[in-house]
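Record features, source TrEMBL:
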type: SIGNAL; residues: 1-21; note: signal peptide
type: DOMAIN; residues: 22-223; note: domain 'GH16'
type: ACT_SITE; residues: 108; note: active site, nucleophile
type: ACT_SITE; residues: 112; note: active site, proton donor
type: REGION; residues: 301-328; note: region 'Disordered'
type: COMPBIAS; residues: 307-319; note: compositional bias 'Basic residues'
């Protein structure tokens, strides 16, 4: 399919112009201008002049919303405050997908927040796959340097034709660079932005050992500062519209890279690139970092060390104590 026209080519030429740009460059849009309810009926509530949305999960249903438009590349961001207390089995997701259009070969870029039992922290998971490549899991998991249930924090996705970058509070935590060997596994088709909260008791917390306990419901995830800045694609004509050709943040500056390396060294708890149970040889796009490798082997010597099968862990593709202060 031809996703491009002249406006998009101009937009693409500017992607690397402002590598250090932040979300302050881009307008925050009211919910009704950029999004629509996806499911959940009354479990989705719009607040604060239409710019803040609460998604809740109870015994009846979860909830979610979806962008009006498809996008081919861009900057997508939200400030999110997660539910507190016992949240085992709960998953809050902020992600891009085109599964409704390409059911057998869809693309996806995920932020997933995995709940936990009382006294244990939320975990954050990122995942990327393209062209239906769900048999190759590309998950990474991390702790955070703050409690994401205490206040709002910003989570952002930058997606271009050559890389994907995940940010937390403008700190890059993961960079996926497109390689020739990835082929169609790199997301390359237009996607819609989603946000959801749902019951993932079967896998989200300790492989399903701890499930959602609805005596703590409703579980409420709060979303604000919604940014949709990218190339909207006509769903019928498949033409990208880039009337607003303002550059998006792209690439990681040397200062940002230092912060990213520090974050990963301190807070990453899982990466598919180092999982010797799943992959005897790392997937070809993996670049092995010796410090990350050493830390993960110490953290879980079975999964990341000798490669003996570990029946207590389950990893799954999406859909689907407080740490020290940051010192990046």
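Glycine is no exception: its Cβ is also placed from the backbone N, Cα and C atoms.
Just so you know, the Cβ of the residue listed as 'active site, nucleophile' picks up 24 other Cβ atoms within 10 Å once every protein chain is counted. For the domain 'GH16' (22-223), the mean pLDDT of the prediction comes to 94.
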